Amino acid sequence: MRSAQVYRWQIPMDAGVVLRDRRLKTRDGLYVCLREGEREGWGEISPLPGFSQESWEDAQSVLLAWVNNWLAGDCELPQMPSVAFGVSCALAELADTLPQAANYRAAPLCNGDPDDLILKLADMPGEKVAKVKVGLYEAVRDGMVVNLLLEAIPDLHLRLDANRAWTPLKGQQFAKYVNPDYRHRIAFLEEPCKTRDDSRAFARETGIAIAWDESLREPDFAFVAEEGVRAVVIKPTLTGSLDKVREQVQAAHALGLTAVISSSIESSLGLTQLARIAAWLTPDTIPGLDTLDLMQAQQVRRWPGSPLPLVDVDALERLL
């Protein structure tokens, strides 16, 4: 006997979260809970404003229609990426095919005063990998901050993300301030320039490895080995079903590329599932999931060690 529930939710964000020049005051999304006999599976559907093509309202309509079809015996997945991902997670939990083991290690997202960051990063146990957003300020400033961190902590490796913010000139201005002796400790720089060709040229000219992120979701993207390209960053909420995520990870690994499972600012429930997906598909790579602290609460499932208050399922709005 099948049953289902869909929950709508909204989490207040910390002040100062800006996506594509838009301040994000709340994170809005949906959960689907599927039940069959004694078994239960959950999934999160939370399109990311400015990045997802679909809106939260679009996703809700598609999800509710899919749930009705599933209750009637139809299991075909929807095409909309955020819905396909959430639904496939719920089905995988229901079928017990999403392993419970999780990788809760995070590459901490660094912002704020560089002196404070140095103290925090120097105390990190184990492999020191951190993420820095660049492209929000002047490229010269970004270069100086990155150089300072790499200089101060000799065993630190940085993942940088420019979100296609730079022209070729700005990319060169950034690189000019990063000591060539430290550049190999930049694990990769995600999408430095506005076009893929300019990003490839940046990698060739600077020796700084790059990673594809937004490019993976463009219709003309193909997985090929290229000089200077070291990694792909896979955001399942923007990608689609678990099968599609797994296909992309396998395609990257076949080329010797690092595949990084990354957050689209999901709630704690979605983040814990991403941690399980990372442990399953990319066990040797620290995922990019350090976004929970941007929110003011957790929901339904806790992220281990987080002090944020937990909102129970009973407090969420039911849609069925």
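Every residue, even glycine, has its Cβ placed from backbone N, Cα and C.
Matching D123, D142, D213, D220 to the Mg(2+) binding residues that Swiss-Prot gives (D161, E190) identifies D213. Shown in sequence order, R159, L160, A162, N163, L189, E191, A211, E214, V233 are the same-chain residues outside D161, E190, D213 whose Cβ sits within 8 Å of the Cβ centre of the Mg(2+) site. For the active-site residues listed here (K133, K235), the lowest count of other CB atoms within 10 A around the CB belongs to K133. The Cβ of E190 (Mg(2+) binding site) has R159, L160, D161, A162, N163, I210, A211, W212, D213, V233 as same-chain neighbours under 8 Å, each 6 or more residues away in sequence. Taking the Cβ of D161 (Mg(2+) binding site) as centre and 10 Å as the limit, one finds 22 other Cβ atoms among all the protein chains shown.
Reported as a whole number, the C-alpha separation between K235 (active site, proton acceptor) and K133 (active site, proton donor) equals 16 Å. A sphere of 10 angstroms centred on the C-beta of D213 (Mg(2+) binding site) encloses 24 other C-beta atoms.
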